[in-house]
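Database features (Swiss-Prot):
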BINDING   D246, D257, E423  Mn(2+) 2 binding site
BINDING   D257, H339, E384, E423  Mn(2+) 1 binding site
Amino acid sequence: MDSLAALYKNHIVTLQERTRDVLTRFKLDALLIHSGELLNVFLDDHAYPFKVNPQFKAWVPVTQVPNCWLLVDGVNKPKLWFYLPVDYWHNVEPLPTTFWTEEVDVIALPKADGIGSQLPAARGNIAYIGPVPERALGLDIPADKINPKGVIDYLHYYRAYKTDYELSCMREAQKTAVNGHQAAHEAFLSGMSEFDINQAYLTATGHRDTDVPYGNIVALNEHASVLHYTKLDHRAPSEIRSFLLDAGAEYNGYAADLTRTWAANSDTDFAHLIKDVNDEQLALISTMKAGTSYVDYHIQFHQRIAKLLRKHQIVTDMSEEAMVENDLTGPFMPHGIGHPLGLQVHDVAGFMQDDTGTHLAAPSKYPYLRCTRVLEPRMVLTIEPGIYFIDSLLNPWREGQFSKHFNWQKIDALKPFGGIRIEDNVVVHENNIENMTRDQKLA
């Protein structure tokens, strides 16, 4: 297998090709990509945790250093000004010398405001890509060249197609996240609180809570019915019934995003429902192939949910087709089947149909689906179906013509378990689907 350095070299070739194309299309000379800046808390001298511009880390795996700049023109070697101040108050990252630095000119930038003297004098035809427009204006970059929509759309669209380097990084992120999931599962079995389970996860992954790509969802019992629950109770409940963990990891700026659900007692209706959701998730993945719309798989899973609602007698005396048609499956799975994954957890361009930014919205019936693209090789997506017992979504169904079809006694018995989500990260290849998560033996 090629080394990471060799993969990165080819990655840069691909990014250079895309850069040439976008510069030609919009008649630009170069892109100036800013890593970003620290942002202080209001009325304070402490900064929020730094989050790098994803368009910057697409080029170089520098994720923790603000005030860095990249100049790329698609022809010459990318030029990186790496912020290297003299500072005895804060840690200063050394000038990098690693697998990727042969492909980039790395130049020390001792002062954050010193970039102006380093750039070409003529900047009227350079596009700024970054989070601080006023910094670009201060560099005499025209306002219409600051994050121009056409350029951003183009860059975002092609980020869906991962290079071999990117896929390698994402597989490494999977390994780290799987280690965390295994440690968290053991902590759950030992009766730990959500807070302590999260600590076990972070220790196993070697991440801080500011390093993970999103806030870990560590949900015991009914907390699993809150889709993005991040509270982390310090005390374990008196009775632990279930555990939903949605937590990822990052490698060289690329994310993993995994979810598993466990029952404390393996011989309960809820435990059997977990197994069935898991089986249906794997069955759905087995049907996936390039050339099919992601929307089709979302709709297909609602049909699978209807089958499970019938099997477990959660909804009765109604055909599976009628359940889907009348959206009785909707309150049980209110989110989409998944989303694109990459430099960002909810990666960009999920709705773009071409590199000019043509937008195809999610179906009105399923407004929270995050991707409407046709699957193509090199795309990476999550597949994360769920079944939840959420009062605010189910209560409106307690009245009306369909109420009699809901087994409210069964639903009320399942509510204390919260809900189920099973999430894998998959790569679309020309003739197969690679399940990066299951390849790491995460059951």
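Each residue, glycine too, has its Cβ placed from N, Cα and C.
Overlay of Swiss-Prot annotations on the structure.
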residue	record	contacts (Cβ under 8 Å, 6+ apart)
D246	Mn(2+) 2 binding site	N216, I217, A219, D257, L258, T259, R421, E423
H339	Mn(2+) 1 binding site	V345, H346, D347, G350, R370, C371, L381, T382
E384	Mn(2+) 1 binding site	T259, H335, I337, G338, R421, I422, E423, D424
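Within 10 Å of its Cβ, the residue among the binding-site residues D257, E423 with the fewest other Cβ atoms is E423. According to DSSP, H339 (Mn(2+) 1 binding site) is assigned to coil rather than to any helix or strand. In the three-state DSSP scheme, D257 (Mn(2+) 2 binding site) falls into the strand class. Using the Cβ center of D246, D257, E423 for Mn(2+) 2, the list of other same-chain residues with Cβ within 8 Å runs, in sequence order, I217, A247, G248, L258, T259, T382, E384, R421. In the three-state DSSP classification, E384 (Mn(2+) 1 binding site) falls within coil. DSSP gives D246 (Mn(2+) 2 binding site) a strand state.
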